[in-house]
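Heads up: the structure comes next, in structure tokens.
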Amino acid sequence: MQDPNADTEWNDILRKKGILPPKESLKELEEEAEEEQRILQQSVVKTYEDMTLEELEDHEDEFNEEDERAIEMYRRRRLAEWKATKLKNKFGEVLEISGKDYVQEVTKAGEGLWVILHLYKQGIPLCALINQHLSGLARKFPDVKFIKAISTTCIPNYPDRNLPTIFVYLEGDIKAQFIGPLVFGGMNLTRDELEWKLSESGAIMTDLEENPKKPIEDVLLSSVRRSVLMKRDSDSEGD
């Protein structure tokens, strides 16, 4: 049987009569082959795009030169994403520093990085309470750098009456400061109240919907209401 794609005079006549379909040009065949290769390449890239770094290493013997260039691009991207994730989650605890570490840990902490510094001293109960609360907040907000330092190692002769003190920094600049026990409300301070206070500085994105510490006016009104109710109950019993 004669090949209908053969380049013969008879086949040319049959094509002119419409009996055979037009013969595809070499250029068209090449274009089709290139399109098939492109689709195949996209499929290969898509497959490897979904792989982990370890899987890419395992399959590198299957790559041709074009594959290797595409895969190297994805490998670099995945490595950058992994490093960014590690950077974002590299804290998660309160770091102890001294004065000599201040520049490196605070001033040069990094671009876009919030730093919360607690100046404290041993033997001050409220300082101990805040350190405890900060440990929980550091785990909750691992992208924020929580640090603590004995006050006089950072600021010589810093008065104890100013403790506890919290400074909030962004890129080395102070964005907020909380100085002295009255600012924190004394030993009744809860972790949620401290979280809310720090969130107002912009350092952390709290999931609390409202300030957990009631304004002093609300506290006084509640106290007055309780006193009135108690008096009414007492009067009723007297009758």
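The backbone N, Cα and C atoms fix where each Cβ goes, and this holds for glycine too.
Taking SER25, SER234 one by one, Swiss-Prot attaches phosphoserine to SER234.
Swiss-Prot records phosphoserine for one of SER43, SER151, namely SER43.
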